[in-house]
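Chemist: Just passing along the structure, written as structure tokens.
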């Protein structure tokens, strides 16, 4: 039986007019070999669990032409740090084609680091080992956290030198996503006044990903309303888990509200609302607490690009749903994290007091929620000890426990402390991809040892489980590992 006999492939984007993309032959790296293969994900597409067959490597590294693929570089534009840039496109990644999973969903196959394209501008079309490791680990960690995201099927390393601040090893990521269509695709056709192509793009987004919009009397408006709702939900998830993306340009915003293009990202260590993870973000435009505002700005930019298809008043009404949706989803997530099942008056004040307390005491965000979810077994003092101002912590904890008791009285369903805490542990991760953990894996990998990449990948598949033998990975970061800022260079 052929390696590919059970895999279903398609090339829908390649059927669009040539103005949407350029066909490009991948430029394979020298002596490519696997760093890691995501066997569990692969099986969902009828691919083997283990990457033993050499054809897997040669096809997915771009070294061997494959009849089911039609490699292409997408053309798009975008606002970068608020400034429109018309000269964007896939500069080092190629859309190879699509695969269908066992649930019948189609996923793009994208090879990141595949070489020069017509859109490479001053770049070399390559990706380096460190950034590829970070994207592989984080996209899979986010999926395990239940956050909408692209996925990583595998990654390779090579002997090809790549020149950045220093000479580094070239690597490739095999990224899967339900789509690689970005806000910037629509911006490109709008600003170049290619309105027929703009309409065709919207038609295909609806046909491929949002067929329910066709029943709407204004299908393009229905599409935009979905983008608004999905984006608001994604941002609420980011804020709840403490994830900072770092470079929320419109060309990095997925039309399906999926976390896209992992670059200088970071998870909060100490709760610092103004946390900036991208060292190129001098003004803090993409700081953690600015992400909700920036997402709305980006949606407004998309709305402008859709103005030939949708009435302005309709676009404004759709945009007006962003903040209520974000607030509703975020409040739901916060209640889940605190073990509160019902909505009560005063919840916002309780949340705000908690965030103020966390910020003033520089308390670790993930550790706080995980410790709070162990209140049944560890007791209140373990929570209080996380804070410098223990009296303030004691006061907030008293308010919190009163709120828990109020909910039980109001609902008439008194959950035990153990039941509540078990539910909290299912939504408050013990393990996240802290930047220092990723850096330790990168340091080893650059010496040819990929064991830590595999260890983290396995650990982060089950972030809510105790995994007692992995306890060291739940420790607070060392001083050198706190507030790391990451370069966009990759």
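For all residues, glycine too, the Cβ spot is worked out from N, Cα and C.
Below are the features I grabbed from Swiss-Prot:
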{"type": "BINDING", "residues": "89, 91, 92, 112, 124, 125, 175, 182, 261", "note": "ATP binding site"}
{"type": "ACT_SITE", "residues": "251", "note": "active site, proton acceptor"}
{"type": "BINDING", "residues": "252, 261", "note": "Mg(2+) binding site"}
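How buried are the listed features, and what sits near them?
Modeler: DSSP gives residue 92 (ATP binding site) a coil state; it is part of no helix or strand. A simple way to gauge crowding: the CB of residue 92 (ATP binding site) has 21 other CB atoms within 10 angstroms, across all the protein chains here.
Sequence-distant contacts of residue 251 (active site, proton acceptor), defined by Cβ-Cβ distance under 8 angstroms and a gap of at least six in the same chain, are 76, 77, 78, 79, 80, 85, 88, 182, 183, 184.
Around the Cβ of residue 252 (Mg(2+) binding site), a 10 Å sphere holds 20 further Cβ atoms from the protein chains shown.
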Chemist: Give the three-state DSSP assignment (helix, strand or coil) for residue 124 (ATP binding site).
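Modeler: It is coil.
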Chemist: Which of these binding-site residues is closest to residue 252 (Mg(2+) binding site) if you go by CA atoms: 92, 124, 261?
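Modeler: Nearest listed residue in space: 261.
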Chemist: Per 10 Å Cβ neighbour count, which of the binding-site residues 124, 261 ranks highest?
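Modeler: Of 124, 261, the one with the most crowded Cβ is 261.
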